[in-house]
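Grabbed the feature section from TrEMBL, which reads as follows:
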type	residues	note
COMPBIAS	131-143	compositional bias 'Polar residues'
DOMAIN	163-287	domain 'Palmitoyltransferase DHHC'
REGION	116-149	region 'Disordered'
TRANSMEM	55-78	transmembrane segment
TRANSMEM	84-107	transmembrane segment
TRANSMEM	207-230	transmembrane segment
TRANSMEM	250-277	transmembrane segment
């Protein structure tokens, strides 16, 4: 019985390409059917946020001052110091810059801790334990299947509320939040950083802090040696500060630039160092204010530092290169909720069919409107449709329209039987 229903579910008039898709086209991978807003590179091995282009600006802001430092400022440092010392000064800045760029891509190009989406929402009976339901929820306010918007869980002996995510169809784990930019639930969500073009979460927070702290040190390094260059220039020419800046303008430009940058990334580093010591996230600090109440995640200064810098980073919960299974893919969720009809199992052709139907929807509406307008002109009075057929007015439907209508199993105009009846009446 089910096989017969499935067989009838396939449209009778399909193009050859659609039949190939239904019969079993090339298998898709998880990253190709991903429901979030992420961008993937290298066949799903690298995952970025939707604003990944900001990486180019970030790399430019980091690399450009170092190139200017090595090109203009280091020439004078070679003369002022021994050859080996001058080379070491330049080499440190270059290697440190490469290290920072690597940290940047380790932060931006990896899974920050995305929680996989659920195919169906949790069953109400599974969440109906009174001890876990939020006290401020009334089941009558939510249509069946009714799920409470929040649920109470215990963390280190303290009750913490977790929220239900309508998009991912799951109760978020503690410290998890849904990023509106990437459209994913991220474990231990800190914030979405536009400078790295990625969410900052459990799996990349360590690299993010190392990135901003190292950038601060690089700014201070260039700032310091630019002042050393100015000082050596003043001693060599026996001039004041302004004349030394005139003789080495690039040193002055880099001093101003690195001073501003050091305040920005240095302040950010100090703020996140405070968050690490107190075991908070940026999201929690701005929303919950644990200074006014007990923080259930605080393990003490030593324990908090160990958790961030020395604990093992958990593996990703997503295999972006895995092949999608048509019937059980959580990345192509079907509609949920109470239903009395039998659901047709999803296959990989839904992706392409969905795109084609969306593109063809407007064309079909145009066809229908044209046919209705022609039919309306040919009908008269209260006569039923297609009782008279004017041979002078032909149905002006292009071959493309006929192919499109045939592909979706639609038939417009009188059938052959109706045409014979019309000619007989005439």
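Placement of Cβ uses the backbone N, Cα and C atoms for every residue, glycine included.
Tell me about the surroundings of these features in the structure.
The DSSP breakdown of the domain 'Palmitoyltransferase DHHC' (163-287) into helical (H, G, I), extended (E, B) and coil residues amounts to 76 helix, 17 strand, 32 coil.
Packing against the transmembrane segment (55-78) from elsewhere in the chain are residues 48, 86-87, 89-90, 93-94, 97, 100-101, 104-105, 108, 195-197, 215, 218, 222, 225-226, 228-229, 232-233, 248, 250-251, 253-254, 257-258, 261: each is 6 or more residues past its ends and has a CB under 8 Å from a CB in it.
With a threshold of 8 Å between CB atoms, the same-chain residues lying at least 6 positions outside the transmembrane segment (250-277) that come near it are 61, 65, 68-69, 72-73, 208-209, 212-213, 215-216, 219-220, 222-223, 226-227, 229-230, 233, 285, 301, 304-305, 308.
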